[in-house]
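Visitor: Annotation source Swiss-Prot lists region 'Disordered' at 1-36, 86-129, 216-240. Sequence annotations record features per position, and here Swiss-Prot assigns compositional bias 'Polar residues' to 10-27. Under the heading compositional bias 'Pro residues', Swiss-Prot lists 97-107, 219-240. Residues annotated as compositional bias 'Gly residues' in Swiss-Prot: 119-129. The feature ATP binding site is assigned by Swiss-Prot to A395, G435, A436, G437, K438, A439, L440, with similarity to another entry given as support.
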Amino acid sequence: MHWTPEHAQPLNQWPEQHLDVSSTTPSPAHKLELPPGGRQRCHYAWAHDDISALTASNLLKRYAEKYSGVLDSPYERPALGGYSDASFLNGAKGDPEPWPGPEPPYPLASLHEGLPGTKSGGGGGSGALGGSPVLAGNLPEPLYAGNACGGPSAAPEYAAGYGGGYLAPGYCAQTGAALPPPPPAALLQPPPPPGYGPSAPLYNYPAGGYAAQPGYGALPPPPGPPPAPYLTPGLPAPTPLPAPAPPTAYGFPTAAPGAESGLSLKRKAADEGPEGRYRKYAYEPAKAPVADGASYPAADNGECRGNGFRAKPPGAAEEASGKYGGGVPLKVLGSPVYGPQLEPFEKFPERAPAPRGGFAVPSGETPKGVDPGALELVTSKMVDCGPPVQWADVAGQGALKAALEEELVWPLLRPPAYPGSLRPPRTVLLFGPRGAGKALLGRCLATQLGATLLRLRGATLAAPGAAEGARLLQAAFAAARCRPPSVLLISELEALLPARDDGAAAGGALQVPLLACLDGGCGAGADGVLVVGTTSRPAALDEATRRRFSLRFYVALPDSPARGQILQRALAQQGCALSERELAALVQGTQGFSGGELGQLCQQAAAGAGLPGLQRPLSYKDLEAALAKVGPRASAKELDSFVEWDKMYGSGH
């Protein structure tokens, strides 16, 4: 509230009003006890307007300083409920006894003592305020006599006006939490009456006319400026104190350089958990062969190897290629090291250089009784040097690929798993409709075994005659024995081994040497050679031929997902990308197509789009037009015959 004569109130309400204005934190026990006589005299003097507004303001400031000294002094907190009921009533204070302070109660003299005039002397302000107990501007003052903290030796000069804050004379920093923090000193200073300013000539007194007031000491620098609502317009803002240091933040400790935090240790422990321990036995995808050669030993020569494989020195113990090791040691894959006690099973032993029944047994001998010209022809024309084919390159046929791995590839790569008289299979027959992918599977087997691939066609062998065909056939088996491991792929097997009652002269002439080669080239003394025969007419083979092939698998037509995969690969080579709806419609319209027929469909669509280099991009309409020209060749009757023959003679998968 503003302390002006217009808003004067009874003096018995001053302590409560003063507490409301100055602070909201102190308890009622912090109130200063005023003598009843002095309070009545102040009430009388203020009610009869015997003192000016400035004198009343100065008196209030003086008592505020004394009040601050009481708040800053240590005291014994009284018990709760130690005040009488009269202390909560509006009127004179009814506390039973005065509260203790650092000094005895300040005696109040009569307000009229030392005041020669009243507030009516506006022009002679010097004589009217000669006995004012208020500190004048620029007055040096001595220290408090009872200052226990040891204040400064010299008092600072006070700036004119009332914009600065005041602290208690006996102020001393508290080391403990004995007292709550005192209210800001700026709040204890009431605003001056309206119209008052520090530069007004009415209250500009020379400093030499005032004597030093005893009992007052130098004050520390004033605190920061009070909030905006407590600053009176026209008063200068006090000099702010430096900002206090920010509190110490107690965050998480920072790890030293090179040290691992707790979180990283937890992550490391999680990585080495059960999931990491079983990573060693996880099923890895197929990997490309290493650059320094295939993982399966081969003859040491510099000639071209099938499927792009280089020669390896014989007898080198390495891991299997592809998903069976990929030519990369297991230690490089980051698996943890295990002791023998952690692995109760027994690992496959490494392949010996030349075990009995092993697949990779190089002979190193020049074939005898073989025409050198035929051998040169087979070496230059029949050795396949195409790119390697992985399992993922064969669309669909999941069950068939799994059966080939378990029953053919793994036994050949681990011959010690078949001890004694047991020998891994050396011949396999793949039958099914034309274009189903039988030759592609034969190339994939050569890639998985890391073997040289020699390709023969029955029609090519039967065309020049029986004698020439037999000579080429013997040269092919001799070349395969000289290049272990080797895969001899004979397609169109029905042209070489027709049924006995068909009466085909050429076929009958080649049947005897072929059966002899199968018995000799795949017998006990011809290790390292795998013969893969393919046919689209399995019913044309006689019983003797069926017995020569220990494994017989049916290669069916691709299903819908496999057809979609084949079409996507073929159309990507033509620069055509169909939408999902168009691709689904095309897959539905190619029911019964083989893989080869799907490739012919894409070629026909590209031919209808224009000349090579000038054609527009393929569209779905071009493929629809090509569907009218290309269709499936295998009939339902033929497909049923394949299924029946597989049930009777197939190995099953």
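Any Cβ shown, glycine's included, is placed from N, Cα and C.
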Visitor: Can you give me the residues near the recorded ATP site, meaning same chain, not A395, G435, A436, G437, K438, A439, L440 themselves, Cβ no more than 8 Å from the center of the site's Cβ atoms?
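Guide: These residues sit around the ATP site: V394, G432, L441, V555, S594, G595, G596.
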Visitor: Mind checking which of A395, A436 has the fewest other CB atoms within 10 A of its CB? They're the binding-site residues.
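Guide: Counting other Cβ atoms within 10 Å of each of the binding-site residues A395, A436, the minimum falls on A395.
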Visitor: Where does A439 (ATP binding site) sit in the DSSP three-state scheme?
Guide: helix
Visitor: Measure from the Cβ of G435 (ATP binding site) and count the other Cβ atoms within 10 Å, all protein chains considered.
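Guide: Here the count is 21.
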Visitor: To see if you understand the setup: which same-chain residues, six or more apart in sequence, place their Cβ under 8 Å from that of K438 (ATP binding site)?
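Guide: Same-chain residues close to K438 (ATP binding site) (Cβ under 8 Å, separated by 6 or more) are L430, F431, G432, S491, T534, V555.
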Visitor: What are the non-local neighbours of G437 (ATP binding site), defined as same-chain residues 6+ apart in sequence with CB under 8 A from its CB?
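Guide: The answer is V394, A395, Q397, V555, P558, S594, G595.
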Visitor: Output, ordered by sequence, the same-chain residues six or more apart from A439 (ATP binding site) with a CB under 8 Å from its CB, or 'none'.
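Guide: Set apart from A439 (ATP binding site) by at least 6 residues yet with Cβ under 8 Å, we have R455, L489, S491, T534.
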